[in-house]
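J.: One structure follows; several queries about it will come next.
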Amino acid sequence: MRDESILVKSTKGVTFLMFTQLFTKILTFLLNNLLIRYLSPKIFGITAFLAFLQSTALFFSREAIRLSTLRISNSNVREKQQENDELSYNSNNNHTDSDAEIYDYDNNVFQSIINFSYIPIAIGFPLSLILVFWQYNKLNDYFINLPYFTLSIFILWCSIIIELLVEPFYNINQFMLNYKTRSQYEGIAVTSSCIINFLVVYLHEHNHNKMLSISPSSSSTSSSSSSTSLAELGNGHDIFSEEGIAILAFAFGKLFNSITLLVLYYRNYLTSFKPYRKFQLKLVRIKHGGSGNNAGSNSLTGYYFENNIIEHFKKVYFQLCFKHLLTEGDKLIINSLCTVEEQGIYSLLSNYGSLVTRLIFAPIEETLRLFLTRLLINKTNHNLKLSMEVLINITTFYLYLTIIIVIFGPINSSYMMRYLIGSKWSSTSVLETIRVYCFYLPFLSLNGILEAFFQSVADGDQILKHSYLMMLLSGVFLLNSWILIEKMKLSLEGLIYSNIINMVLRIGYCVLFINKFYKELFSGKSSLIVNFKNFKKTIILSGIIGVFDWYFLGGYTKNVKELVINIGLAMLIVFFIIYNERKMILSFVKFRREKTN
């Protein structure tokens, strides 16, 4: 795949992933708004913990392989095989243009990806068992005694195993940058998950109400004590049973999400890959060096896994372990230092407060990582300069969006949240805490793209050095959290401050690395900072508007009129940014038109 083709597919991929995130978040947003008015913070907290448990098992099982397989090279394609494939393709008029891309790859590339995709399954089966049993035995007796709770845990474990079976299909599509396929399937899977979640709760409520409507007639001939018992039951719902059903519905939702993904990806394999016979869905010994990355004598005797990809996997896995502990460390901390109700509040903050991050920043970060990893398999001077240009443009966009979040997020977030949460949350500190959370979002987002760039261009030794830094920062994060939460009694705000400190240190390390990389690439320029000279004007204007908003409009938003004024001020900054960066925007639009034509 040519460099320009990778860039075009990646820019389209951002759009697909953004729309997928928007669609899935709207669905989960609606579902959460239905459930949040009936579930206590305690149950909301335990479902958030179970989701964290599932994501942790999946992350440690598959993430390193997903990153490592992107580095498999297609450079040594055998000319004879390529000619035969092209002849076979040309003789079949039923293929679409997108199918032609399959013939760009050597069979051994695809088979190597399939072989590596079985590693997550081998890791995930024992790892998920250990995690589930370990956390199950640590849970409060209240949750263990809930109806269907043990069944829910088993169903959740099954969903982990089924989702790992998707990896061979996912990694093939990821390597080919098939964002549209992934977006469609994830959207359908989330939809099925929400429907099942709702149906389980609805059917339980329907059956429960039906039983209550029958009870009075059947109890007329019963003893007075029995009548009293039924009356007590009829006065309201059985909260204990409802909480168990809520967790069971959550587990079934996760299970059907995994099943839907597996069915859709397997169907995609049958229609889009199997007819070309480029690979087999089993471990196969590769007898040629075909994929080009294999170093050593095993290219003569055959191999299952390429040596250099395995070495890269080990270093990336070591790094990702500490990165995940830092990224998800807040959940580990609140499980240890905060109450279950505080866990539910933080889960709510993560769902609502980071909505912008997951809708916009997360798709860009993931697409950037895939684009750079594929592009920089061949580290030519042209590819390196293209990667740096893309990074600078994305960072500029992030900084502009950061200004808007920092100025208008804390002022308006609590007012907007008041209309999204029910009465059960009115006595909590969520409205105050979300203001602090708004300051954390820019650091979280900027760190994401900078580390995505680092992971794509760093060699094995640099990744190992970064892993040691992650180990050190894990200790710093735990220490800060203990001081701020346990000693200074700052609760969730202390956790957010700890995360901000952690992100600042990680961003600082990546900035130093990228600046050094930039100096070596562009020897005539002294620093990466020169690319952000237009940023000063926006900072000055935004500062003036921020001061005006706080001191002359009365601080925090209290009514719709003030909210509309804040939206107008934000749009003023947006229009100024567009005018200030009009040259970059026009050049990007021109590039897209040329590639489309």
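Along the chain as shown, the residues are counted starting at 1.
Using the three backbone atoms N, Cα and C, a Cβ is placed for every residue, glycine included.
The feature transmembrane segment is assigned by TrEMBL to 12-31, 43-61, 116-136, 148-166, 187-204, 245-266, 390-411, 434-454, 466-485, 497-518, 539-557, 563-580.
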J.: Counting Cβ pairs closer than 8 Å, which of 43-61, 148-166, 497-518 has the most of them with the transmembrane segment (116-136)?
T.: 43-61
J.: Answer with yes or no whether the transmembrane segment (245-266) touches the transmembrane segment (43-61) by the criterion of at least three Cβ pairs under 8 A, sequence separation 6 or more.
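T.: Judged by the Cβ rule, the two regions touch, with the required three close pairs present.
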J.: Please give the sequence-distant neighbours of the transmembrane segment (466-485): residues at least 6 beyond its ends with Cβ less than 8 Å from one of its Cβ atoms.
T.: 315, 318-319, 321-323, 325-326, 329, 333, 337-338, 454, 458, 491, 493-495, 497-499, 501-502, 505-506, 509
J.: Quick test of the contact rule: Cβ under 8 Å, at least six residues beyond the ends. What residues does that give for the transmembrane segment (563-580)?
T.: 400, 403-404, 407-408, 411-412, 415-416, 534, 537-538, 541-542, 545, 548-549, 553, 557
J.: Counting Cβ pairs under 8 Å that are 6 or more apart in sequence, does the total for the transmembrane segment (245-266) and the transmembrane segment (497-518) reach three or more?
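T.: Answer no: the transmembrane segment (245-266) and the transmembrane segment (497-518) share fewer than 3 Cβ pairs below 8 Å.
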J.: Under an 8 Å Cβ to Cβ limit, what residues of the same chain, 6 or more beyond the ends of the transmembrane segment (148-166), are close to it?
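T.: Same-chain residues near the transmembrane segment (148-166) but 6 or more away: 50, 53-54, 57-58, 61-62, 120-121, 124-125, 128-129, 132, 136, 244-245, 247-248, 250-252, 254-255, 257-259, 261-262, 265.
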